[in-house]
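Q: TrEMBL feature annotations, pasted as is:
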type: TRANSMEM; residues: 49-73; note: transmembrane segment
type: TRANSMEM; residues: 93-110; note: transmembrane segment
type: TRANSMEM; residues: 117-137; note: transmembrane segment
type: TRANSMEM; residues: 157-176; note: transmembrane segment
type: TRANSMEM; residues: 202-224; note: transmembrane segment
type: TRANSMEM; residues: 230-252; note: transmembrane segment
type: TRANSMEM; residues: 354-376; note: transmembrane segment
type: TRANSMEM; residues: 396-414; note: transmembrane segment
type: TRANSMEM; residues: 435-453; note: transmembrane segment
type: TRANSMEM; residues: 473-492; note: transmembrane segment
type: TRANSMEM; residues: 513-537; note: transmembrane segment
type: TRANSMEM; residues: 557-579; note: transmembrane segment
Amino acid sequence: MPCLNISKSTTEMKKTVMPEKEACTLDGAVDRHGCPAIRDKTGTWVAGILILVNQGLATLAFFGVGVNLVLFLTRVLGQDNAAAANNVSKWTGTVYIFSLLGAFLSDSYWGRFKTCAIFQAIFVLGLASLSITSYIFLVRPKGCGDEHTPCNAHSSFHIALFYLSVYLVALGNGGYQPNIATFGADQFDEEDAKEGISKIAFFSYFYLALNLGSLFSNTILGYFEDEGMWVLGFWASTASAAMALILFLCGIPRYRHFTPKGNPLSRVSQVVVAAIRKWKVQIMNDSEGLFDDDEKELVGNGARKILHTNGFKFLDKAAVVTSAEMERFDGGDRNPWRLCTVTQVEEVKCIIRLLPIWLCTILYSVVFTQMASLFVEQGAAMRTNISSFHIPPASMSSFDILSVAAFIFIYRRIIDPTFVRLTKTSLTELQRMGIGLVIAVCAMIFAGTVEIFRLKYANKDCRHCDDSSSLSIFWQIPQYVLIGASEVFMYVGQLEFFNSQAPDGLKSFGSALCMTSISFGNYVSSLLVTIVMKISTTDNMPGWIPGNLNRGHLDRFFFLLAALTAADLAVYILCAKWYKYIKFESRDAAAAAASAV
């Protein structure tokens, strides 16, 4: 593999002589040798398409495990419905918790390319381990794990190997996901008008690639796994992940890179410590008297200066230049734990402003995670046959994927152009996320209504309750379609919002916020199921979500989620009105200021 040297100093870059015809990008991107990236030879859709295909293959591999994991836990490992749903929620949550680790390593030390490559290798290793463990220990006797043939009991050692494998998958996929989205966006120069439009479009196509990649998992692989061919499904996922890694490495000559900006935790800590040390210092009403004199450093590492904003005045104290600090600074000595730049202070303000919006997205993720757990269990208890053909309950999420693909096209080609014609402006990311919450409420109401009718036609005395209701599984289609439509507004808007509002040194962290909202959504879902089961279970009632759903009230749980999401929407509207958008100084202005110093 060619050496990826993206740590050349600014002086070395300036000494590099480029032919006049080879225009460089304007956003500070560098090529694999650390030289300024040439626009015609790096990035754009050549690199972007490689990354989109890589994302599709990696998603196929991930959902080859994730989409049917709840059925693997119940049929192969013998867990009950509530325990399996909780374990899937915890595992999925852990996947996205690891996104914070990947984002930290990317933004601080490794850069996005190296981080993506390492975590994808871990991902392949985890899938291979899961395939081998299932073949040798878990799927015994051969062919067990369908809805009719139970598997043998497993030792603690076998169970430990299984969990080690699936959590290696969680580590690899989690550390890779936030960085690949940001790395793809890095291939487009937002300072160029044409590439700037492509960068916005990339996020929609990225989410589309993610969903199309899972389509094969939810249909073909889902069918084989539902029929007990678990090992075949897991090996197919391993092969797909390996192909994704090889394809990703093939794009090395074309990729654009941004140098890591250093440990963000230290920068945030410096602002907090400096502000506390100066808690008695008085500050003016505007930004006069605040230190902001590092334009050369910002331009050198590709970062932009963030303009001062009002609010969180206490943090501004970290940038106040006292007389003692003025003397030190005149001597060329600045202690960053006593004096910070305005840009550094604004980074902290930006993170604080993003947190309320992020918190409001968690409850949406509680709704979203039901597709991988309770929607599947609800579908398994419905009529799943068309003549002699059996429809795997997990494959119904294909309608969610088709909905995502359709609504991405509808939004970009119909809704957005129409809205622009009527209002002369596009829907903001915050408005789109709010629309996503509204649609999610509708999805839960419909799911609850379907459950009422499923119970009406169910056999409550069944022992093995798959296909125990005469209501067709196709009645689930609208709830999957609504979830898909809400994803286009919520998750695509969320990716764009956090990427655009994160400071230049925290871009991967911005994408990780999207992933961690899904993570906490899964944990909250697990906690909510546990609480609901404890409260609703009595001597005479088995609870809302028992092993036999025909004796429970899953409809009430869905209506509870609808009510909680509606309350979350009200809070979100208040947070969105309060939010202040980050303001960057243009790179041309920053470069001019730096050259004048």
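Cβ coordinates come from backbone N, Cα and C, glycine included.
TrEMBL annotations: computationally assigned, not manually curated.
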Q: Out of 117-137, 435-453, 473-492, 513-537, 557-579, which stretch touches the transmembrane segment (202-224) the most, going by CB pairs under 8 Å?
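A: Out of the listed stretches, 473-492 contacts the transmembrane segment (202-224) most.
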Q: As a test: from 49-73, 354-376, 396-414, 557-579, pick the stretch that has the greatest number of Cβ pairs under 8 Å with the transmembrane segment (435-453).
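A: Per the Cβ count, the answer is 557-579.
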Q: May I ask whether the transmembrane segment (396-414) has at least three C-beta pairs under 8 Å with the transmembrane segment (93-110), counting pairs 6 or more apart in sequence?
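A: Touching, no - the transmembrane segment (93-110) and the transmembrane segment (396-414) miss the threshold of 3 or more Cβ pairs under 8 Å.
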Q: Can you see whether the transmembrane segment (354-376) and the transmembrane segment (117-137) are touching - at least 3 CB pairs under 8 angstroms, only pairs 6 or more apart in sequence?
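A: Contact between the transmembrane segment (117-137) and the transmembrane segment (354-376): absent, because fewer than 3 Cβ pairs are under 8 Å.
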Q: At a C-beta cut-off of under 8 Å, are there same-chain residues at least 6 beyond the transmembrane segment (473-492) that contact it? List them, or none.
A: 203-204, 207, 211, 361, 364, 367-368, 371, 375, 378-379, 382-384, 391, 393, 396-397, 399-404, 406-408, 411, 432-433, 435-437, 439-440, 442-444, 446-447, 450, 453-454, 514
Q: Other than its close neighbours in sequence, what residues sit by the transmembrane segment (513-537), given a CB gap under 8 Å and a spacing of at least six beyond its ends?
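A: 82, 85-86, 88-90, 92-97, 99-100, 174, 177-178, 181, 354, 358, 361-370, 373, 491, 494-495, 498, 502, 543-545, 553, 556-557, 560-561.
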Q: Taking residues 6+ outside the transmembrane segment (396-414), which of them lie with a CB under 8 Å of any CB in it?
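A: For the transmembrane segment (396-414), the sequence-distant neighbours (Cβ-Cβ under 8 Å, at least 6 residues beyond its ends) are 67, 201, 204-205, 207-208, 211-212, 214-215, 218-219, 371-372, 375-376, 379, 473, 476-477, 480-485, 487-489, 492.
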